[in-house]
Structure formats: structure tokens, C-alpha cells
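Note sheet for the following structure.
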Amino acid sequence: MAKRDYYEVLGVAKDAADDELKKAYRKLAMKYHPDRNPGNKEAEEKFKEAKEAYEVLGDEQKRAAYDRYGHAGVDPNSAGGAGMGGGFADAFGDIFGEIFGAGRRGGGGGPQVYRGADLKYALEITLEQAANGFETEIRVPSWENCDTCHGSGAKPGTTPKTCRTCGGSGAVRMQQGFFSVQQTCPTCHGSGKEITDPCTSCDGVGRTRRNKTLQVKIPAGIDDGMRIRSAGNGEPGVNGGPPGDLYVEIHIKQHRIFQRDGDDLHCELTIPFTTAALGGELQVPTLGGKAEISIPEGTQSGKTFRLRGKGIRGVRAGYPGDLYCHIVVETPVRLSDEQKNILRQFEASLNDGGDRHSPQSKSWTDRVKEFFS
């Protein structure tokens, strides 16, 4: 399983100050400490993950290496992004190469190449924007190649020297029993170069923190939590490696009228008790404008009316969802004396046929009597 980004583990931005890192780590350590979660394997793993992240980001040199090369820059067992397959092949390749005189397989002849880190960006949008789709401009914090040294990390006019530890290959070979294992060079972190006169603009890192502006197209029907991938718009690769990708995660603001459920929409429709009793025509809001529904006589609270096709056309759906209007019958307040007298007269007129006029009330009364009998 791939390791999570250390900044993501601690829940901080990539330009977080030391005190922010420490505060975030202490919070996680307190929450997931094994003494507070005895027998909880998941909490134990999260505690170890937070500890590992802080050990790297809390150290200035390790953090600089991590910012430039990712996990490979701080993992002595990394094989420059080749994965388990590459390390296994190199180990056996050396053995058979020594026996049969074959050449070494893999990328040991030059600096280690790393893919750029992926970036995440949370974008908050309205329900209307999600339904209709739109194009917007975003500013994404990212590490970019330094304009002064063009990513070399060396002061202009100087040249990085070949790493003395690995001879410029970016990797060293360690003998482990019968096997010769290739590892990322601990001195140059895979670059194959040593910087003796660092660039003053980036302190020798080769990268600077900045915001880059991008245009992002949000498709119609997108839902909360979905991600849009923008290929190649992540952080730049190292030593000619490919750039990472940008993932824009969508968060939809709460709407004052509608609640979304997949491609369907729900809303509460409050009506006066007179309309509920007598029926009538009502206008209801939809994302596309207004629609009319007929309220039949004797409508009760909780009744649901379905308007077909008035929901949202999802990203993968060929047709739109529906709109469900849930009726809430409103009881009048602050009545005048005259209005109260009218209602009392109305109440008295129901005494002879209460069961007929209020069947649900009669049913409820019968159930209560049965409960206490």
C-alpha cells in the first residue's frame, strides 16, 4: 500500500511553519496514542503514521529532501520509483551478471528519476453550479522549479559536482548476504549531484513555493466528493521525471431549499391549513425555474409529490432525476379574536361528523385507547 503524503497525514499545508507541524502532531499523538486506545490496531497504525510524518517534516534537512523528492528522498530503501520489481531484478541481475558477464539491468547508469507529487485542491461550489456545469479559474499552491537556478539548486554561474558517494548514478549498492541491492544514494538523494554553492533564491532546493493559476472545467451533474483529474498539473518531476497530476475535489454548499440525493432533489413545501383542507394550485421552485402542482382536498403533512425530470442530470446519467416535494401543513399563529371565534364555530360544526372529517385522528385515538386498555 502506498504511503500517504506526510503533509496530508498531519493535516497541514505544505508551507506550514514548525509550530504548526508540532501542534498538529501533538493533537494526533494524543488522539491515537496506544495507551488511550488499548487493542485498537487502527489507532496504533495512525499513531505510527503521524510519528513517521513528524520525524521527517520536523527535521529541516529531511523536510527539504522530502519536498524535493517525495518519499524516495527520505527512504533509504527506495529504488528510485522502480518499486519492488526493480529492486528484485537488480539483486538477481548482479548475481547472474557476475557469473555470465551480462550487463546490469535497470537505471543504475544515471541519476534517479522521480515522478512529481500529485496535488489536491478543494473547490466549493453551489448546487446550481453543480447541476449546470461551469468553467472557473483556481490558484493552486505548488512547488515549482526555481526561476533563478532553473531547478538545479546551484547558484547561477556554478555547476553542481558529481556526487562522491554514488559517482553520479544517484544510487548505491549494498551487499545483503548473497544479494547486491540498489538503494537511493543517501548523500544526493538520487540526483547524482552535490551542490557546493547553493542558489540563494531557493537555498539549494531547486524549487520555490508559489501559486499557479489554472482553468478547470466542472462538468454538469457533478456530485459532492467527486474528483476531477488534471493530468500533468501536479508538481514537476525530478531529474527529468514526469510531473504529477492535480486532483480537484468538489464540495457542494448546503442549499437553502433543496437537498440532493444522487440525481434526485428533495424540498419541504409549506402550505396553509386552508389549502391543505380545500386544495388548490401552488407554484414550487425548481433548479430550472418554477413548476405548478395541484394540491388535492384533505392533503396531510408528510404527503409527497413527485415532479419527474425536475432533479439533476448526473454526470453518467442519460436522463435527469426527480424532485420530491414533502408537504408541511402550517398551523396559523397570532390569530385575532374574530378569527378564533370563526375557528371555534368551525370546530363545533365538526362534532357531529368528526370521524368522517378527521379519519387519521380517529384512528390514532382508537390506537391510544387500545394501548391503555
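Cβ atoms are placed via backbone N, Cα and C, with glycine included.
If you look up Swiss-Prot, you'll see 5-70 marked as domain 'J', on the strength of sequence analysis.
In terms of DSSP helix, strand and coil, the zinc finger (133-211) has 0 helix, 35 strand, 44 coil. What Swiss-Prot lists as zinc finger is 133-211, and the listing cites sequence analysis.
Marked as repeat 'CXXCXGXG motif' by Swiss-Prot: 146-153 (among others). Mean predicted confidence for the repeat 'CXXCXGXG motif' (146-153): the pLDDT average there is 86.
The Zn(2+) 1 binding site annotation in Swiss-Prot covers C146, C149, C199, C202. For C146 (Zn(2+) 1 binding site), the Cβ neighbour count at a 10 Å cut-off comes to 20, with all displayed protein chains included.
For 163-170 (among others), the entry in Swiss-Prot reads repeat 'CXXCXGXG motif'.
Summarising the annotation, Swiss-Prot assigns Zn(2+) 2 binding site to C163, C166, C185, C188. Sequence-distant contacts (6 or more apart, same chain, Cβ under 8 Å) of C163 (Zn(2+) 2 binding site) comprise G170, C185, T187, C188, S191, G192, K193, E194.
Summarising the annotation, Swiss-Prot assigns repeat 'CXXCXGXG motif' to 185-192 (among others).
Residues annotated as repeat 'CXXCXGXG motif' in Swiss-Prot: 199-206 (among others).
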**Prompt:** Going along the chain, which residues at least six beyond the ends of the repeat 'CXXCXGXG motif' (146-153) come within the CB cut-off of under 8 Å?
**Reply:** 160, 193, 195, 198-202, 204-208, 236
**Asked** Which residues, in sequence order, are found in the same chain with Cβ within 8 Å of the centroid defined by the Cβ atoms of C163, C166, C185, C188 at the Zn(2+) 2 site, excluding those residues themselves?
**Response** R164, T165, G167, G168, S169, G170, A171, V172, P186, T187, H189, G190, S191, G192, K193, E194
**Asked** Using DSSP, how many residues in the domain 'J' (5-70) fall into helix, strand and coil?
**Response** 48 helix, 0 strand, 18 coil
